[in-house]
Each structure stands twice: as structure tokens, then as C-alpha cells.
Amino acid sequence: MNTEIPDLEKQQIDHNSGSDDPQPIHDDMAPVSRIRSSGPNHEYIHIADQKFHRDDFYRAFGGTLNPGGAPQPSRKFGNPAPLGLSAFALTTLVFSLCTVQARGVPNPSIAVGLALFYGGVCQFAAGMWEFVQENTFGAAALTSYGGFWMSWAAIEMNAFGIKDSYNDPIEVQNAVGIYLFGWFIFTLMLTLCTLKSTVAFFGLFFMLMMTFLVLACANVTQHHGTAIGGGWLGIITAFFGFYNAYAGLANPGNSYIVPVPLDMPFVKKD
């Protein structure tokens, strides 16, 4: 099967040339005279004399932290999203397991090291690399949540004296609740940017948003059951993160199980 799209080459008139004839624009880019598709289900795209698979074009995909259709970046580097997503997911999982008191461990101190170096430094570095990849959404998300985990670790560490600066434990919990509510607002903003993406991508940010909201409520109300609920939401969030990270790592060349992106139900297909 072969379909063609009419000539896309455009010319502009140089009004200063004194000629009524259109003058072509000359630059370093080769003109694209024709785009066509071929193969079963139009899986190949032909641009001039070059052939690409449709999968070579970026689309909404959790494995790249790309919330919508986007052109390929001009620089060729490895995909930093799986590193950032894995760092986020593992740190979130350990923290959330402590929150639900798995195996009788309510103290989240074991997650401080992860929050500093993996969920913090590694995730932040992955976010910086997303800027190089020209992915603004991925950069904003990974650097911000890397900063979140480092700031949470600072709150938990006695060396910073943050908790000791408050007069009583109730005041500490209220302050942490305000802190988490701020992160709920930020995550709500990101979630709204994933409505045209995939189910797994949207699910990650929606569940994270709900986790922040429930944990914020648990802190300001000092309600133990609400905190447990927030912990379970965090566990679900972590597995969404692991799934999106795996989606960015797996391909037909290294795995027999390659996730297929499932678009949100109301997203229009091109």
C-alpha cells in the first residue's frame, strides 16, 4: 500500500529583488518535495529519498516522558527518562512501604539515602539531560521531583534541624502537610499536561497527585488511617513509574515483552 501527500515545498517572494517571480529560499536544509507512506497500515514514512518507520517519530509515550506528539530532538543521545523514572519509582516504593508499615517498619529513615542519591541526585541529573533532549515536560518533572526527594531527605535529617525548629510535633505535621499540598498543586499542573498522552503516562501523574493530596490531608488531620491510604496510593504510583521506565528501556532488540502504548480514550487518532 502506498499513499502520497502533495508537494510540500514552499517558496516565498523577495519583495526587494525587483522581480515578480517567486524566489526560492536557499539554506542548508535540503528541500522536501514529497512525503508518502507505504507498507501494511502505512507503517513506513518516506521523506524525499529517506525511509523511516513510524516508531522513529516521537509521540505521546511514558517511556520518554513525552506527553504529546513531538519531533525528534536534533541531538542524538540516550533516553534519560528510564533512569529518572526508575529513581523516582524505587524511592517512592520504599517510602510508601514504610508509610503502610510493611513488616512492622513505620520509620522511613531507610529511604533517606535513596531520596538523597537515587531519587534525588540521579533523578535531578536525568532531568537536566532532558533539557538537552529538548523535552521541557520531562525536564521540569524529573528535576522537580529530584528536588522534592532531596528536600524531603533534608526535612528528615537531624543535621538540617528543620523538625527541631518547631515547638511541638503537631506543628511539624501541619508544616509537612502544607509542604505536601504545594507538591499536590504542582503535580496537578503536570497531570493536566498528560490528558492527551497514554493511559500509563496519565496514570502515573494522576496517582502521584492523589498520593500528595491524601498524605497532605493525613498530616494536617493527624489521621493514621488516611496516612496508610496515602501509602498504598504511593505504592500504586511507584508501579506506574516502573512500568513507564520499562517502556522506555524495552525494545524488540532486547526484550520479548515490549509494552504497547495505549492512548487515552478521547485522544484523536491522526
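Positions of Cβ are set from backbone N, Cα and C atoms, glycine also.
Taken from Swiss-Prot as is:
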- 1-33: region 'Disordered' (REGION)
- TYR58: phosphotyrosine (MOD_RES)
- SER74: phosphoserine (MOD_RES)
- 80-100: transmembrane segment (TRANSMEM)
- 109-129: transmembrane segment (TRANSMEM)
- 137-157: transmembrane segment (TRANSMEM)
- 175-195: transmembrane segment (TRANSMEM)
- 198-218: transmembrane segment (TRANSMEM)
- 227-247: transmembrane segment (TRANSMEM)
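A contact links the transmembrane segment (175-195) to the transmembrane segment (137-157), because at least 3 Cβ pairs that are 6 or more residues apart lie under 8 A.
Distant neighbours of the transmembrane segment (80-100): 62-65, 106-108, 110-111, 114-115, 118-120, 122-123, 125-127, 129-130, 133, 135, 138, 141-142, 145-146, 149, 208, 211, 215, 227-228, 230-235, 237-242, 244-246, 248-249; these residues of the same chain sit at least 6 beyond its ends, with a Cβ under 8 Å from one of its Cβ atoms. Residues of the same chain lying 6 or more positions beyond the ends of the transmembrane segment (137-157) and with a Cβ under 8 Å from any Cβ of it are 64-67, 80-81, 84, 87-88, 91, 108-109, 112, 114-116, 119-128, 130-131, 163, 176, 179, 183, 186, 190, 193.
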